[in-house]
Amino acid sequence: MLPKELEEIIDVVLVHNNWRRRETINLIASENVMSPLAELVYLNDMAGRYAEGTVGNRYYQGTKYVDLIEDVLTKRFAKALGATYVDVRPVSGTVANLATYFALVPEGGVVASLPVKYGGHISHNTVGGLKALRLKMVELPWDLDRFNIDVDRARKVIEEAKPNLVILGGSLYLFPHPIREIAEIAKASGAYVLHDSAHVFGLIIGGVFPNPLKEGAHVITTSTHKTFPGPQGGLIAAVVEDKVNDLQRAVFPVFTSNYHLHRYAATYVTLVEMEHFGAEYARRVVENARALAEALAEQGVPPVAEALGYTRTHQVAVDVSKFGGGDKVAAKLEEANIIVNKNALPWDKSVLKPSGIRLGVQEMTRFGMGKDEMREIAKFIARVLSGEDPAGVRRDVAEFRKAYLEIKYGFKIDRELVDKVFKSLSLYT
């Protein structure tokens, strides 16, 4: 018998699993689910191990199999991205960002990036990572009509401020940033260019979003668990050979010691699966995002950037100020088992009072949903926003999800493999 308090915690985990995997429509743009195979190999002994240092140069013994996996994972990502340097040791996208800033920007240096209301991530801003490293920030200007960076005004900002680093990419990211144009301007001013690819990394691997390294960026940073449906983790990929040592030292010993080694095998599985299934998956994700946006507009819940076709990524952004704002709407949708997040939009006076919500279709696409299902999701959302009791919508959402429980775009597993993994960990004999 387990102690009661442990039974209670286990029950919470099981209830959560059932709720999020089987009963909700998850539209959080920064989340996803691993394939069954990736999730299986994520359960491994490396979860309790250390491997400080780099492949072949560790501060601990017992790392020969860690070295093997990290080496093949690094090389496979380098080939996929056309990078001369890849580091899979950062434990998150933010840690990857911080390490890159530390390596490329001198103390007291200047970074040009987007503020949060224009889609920049908090780690690109002085409320987050830049403040921690005491770096200065200049804002990249925004063109509301194009819902993108204003290249002409950005040229003036970069030429006048002469930043050490220009950051592109973001957390609200509907359309590819003008990477090539900004990279040319930045390089002429002596700045490095970093593209935070966390949200669109799976779309890059899947070939439906431009590869920033081929567009002129010096560095890609990313997480490995959004449109790239792997375990939570981070990655740096670069084409700056003169800064490799600085990047390596920034990752360790400055910002990490333990790299959460158990994620390596699952990340490798995910990369191989994306090589096999990623092109179709990425194409479907972008199609579904556009379909959801169009269906929401038909339901009287119009997303932003209609004139531009709403989106070219996995994301849809909706101004819900007339429905009570982002806080209220996100909470009300959760009552109906529709999970979204509140999000600031470019015209908001304060990011603490966001007028919008952000939706992402990558996880529901992973469960096999297509354009028809996006139209059904739009109807569920519209019912809640029109004032219908969320409890009734919740019942319909749970019933709807029953047909979409199998994770697609990955390899299958069988009981024999599950038994091998469990026995290798002595979970049973």
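A Cβ is built for glycine as well, from the same backbone N, Cα and C atoms used for every other residue.
The following features are taken from Swiss-Prot:
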{"type": "BINDING", "residues": "GLY120, HIS121, ILE122", "note": "(6S)-5,6,7,8-tetrahydrofolate binding site"}
{"type": "SITE", "residues": "HIS225", "note": "site 'Plays an important role in substrate specificity'"}
{"type": "MOD_RES", "residues": "LYS226", "note": "N6-(pyridoxal phosphate)lysine"}
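A map of Swiss-Prot features onto the structure.
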{"residue": "GLY120", "record": "(6S)-5,6,7,8-tetrahydrofolate binding site", "Cβ neighbours (10 Å)": "25"}
{"residue": "HIS121", "record": "(6S)-5,6,7,8-tetrahydrofolate binding site", "Cβ neighbours (10 Å)": "25"}
{"residue": "ILE122", "record": "(6S)-5,6,7,8-tetrahydrofolate binding site", "Cβ neighbours (10 Å)": "15"}
{"residue": "HIS225", "record": "site 'Plays an important role in substrate specificity'", "Cβ neighbours (10 Å)": "26"}
{"residue": "LYS226", "record": "N6-(pyridoxal phosphate)lysine", "Cβ neighbours (10 Å)": "27"}
Rounded inter-Cα distance in Å - the residue listed as 'N6-(pyridoxal phosphate)lysine', HIS121 ((6S)-5,6,7,8-tetrahydrofolate binding site): 14
Spatial separation of HIS225 (site 'Plays an important role in substrate specificity') from ILE122 ((6S)-5,6,7,8-tetrahydrofolate binding site) - C-alpha basis, Å: 18
Integer Å distance between the CA atoms belonging to HIS121 ((6S)-5,6,7,8-tetrahydrofolate binding site) and HIS225 (site 'Plays an important role in substrate specificity'): 16
The residue listed as 'N6-(pyridoxal phosphate)lysine' - helix vs strand vs coil (DSSP): coil
For the (6S)-5,6,7,8-tetrahydrofolate site built from GLY120, HIS121, ILE122, further residues of that chain with CB within 8 A of the site's CB center: SER113, LEU114, VAL116, GLY119, SER123, HIS124, ASN125, GLY128, GLY170, SER171
